[in-house]
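Asker: Following this message is one structure expressed as structure tokens.
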């Protein structure tokens, strides 16, 4: 929310400053482009736009803070609608109370959610509610679900995408029934998972793919795994991706950060903080990659990598909540329910753990030897010790009072 406010204020101030041509940041022009969606105008709106961005919200209350928060989100949507006005994307809002029947018809249940209607699909946006993130998300959605790789330079560009899941298939041509099944499968995961295809034998040979074969690339892995039992139907591809879409090592991204955080293993995340642009952070990330590659067959291991540079407004919150210093690499286990956490002791930046030491620590986490409940017990023990100390103090004071009483009796005698 702070980011939204700063963004709006920053854009407002920029409107009063001079800028060279070609660097004029967009500022809200005051024109209303976001409309209220109802049963009456639903068909008309759906026919008009290729893509419909829908914000499903609770009724606006009389609370001033809640009103300001709603207004800020509305301004963000207006700015995004203005920037993408030429892209034939509609922007609407649905009041959960006024349009309860419509919400039920569309399958919306979670207030405060942002949905995108594309064809017959509904895609939920589960990322940071910020103008730049939303614009990038929507632009990715209007692109073709499959990107074609035809030459060596495009292969190099493909290979440089290392921090996200990607698939690449080799097909005869665009009319191939297996390519069409691949396209249909890609639509299920757009824009979160990238699908690529090639019709070039030279590209396929370089990537070690046979006809109608699809390679599945896990983030940060050296080699892909070939999906078995080719050729595939749409349903088979979708099922395989769903079964393997939790990588051994994955980044937290603004566009799907909440969905990723909710995708925990038994209520916990193994979280690693490392700045890729920092030498120590880069070194630590390379160690994490090695650990992930050595343990990619372990279904119980999933490490969530967070680059603090991607979330500047959350750094102070994370440091306070987890009681850690994010100016140096960190790795810990976090309980997603109450944010309790336990962190590996890293003495200093010059003494980062080796891959073997990290693996030993992770094994202790997976076995339950290291867990956040132990941290709670230690806190309770500390509280108990403090209580006992207080009791001891009370006993001492009581003894002193008794001694004073005896002295008084002697004086009376």
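Cβ from N, Cα, C; glycine included.
What Swiss-Prot records for this protein is below:
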| type | residues | note |
| --- | --- | --- |
| COMPBIAS | 373-413 | compositional bias 'Acidic residues' |
| CARBOHYD | 335 | N-linked glycosylation site |
| MOD_RES | 282 | phosphotyrosine |
| MOD_RES | 398 | phosphoserine |
| MOD_RES | 405 | phosphoserine |
| REGION | 365-413 | region 'Disordered' |
| SIGNAL | 1-19 | signal peptide |
Asker: Using Cα coordinates, what distance in whole Å links the residue listed as 'phosphotyrosine' and residue 335 (N-linked glycosylation site)?
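Answerer: That separation, Cα to Cα, works out to 26 Å.
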Asker: If you count CB neighbours within 10 Å, which one among the recorded positions 282, 335 has the smallest count?
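Answerer: Ranked by other Cβ atoms within 10 Å, the recorded positions 282, 335 bottom out at 282.
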Asker: Return one of helix, strand or coil for the residue listed as 'phosphotyrosine', based on DSSP.
Answerer: helix
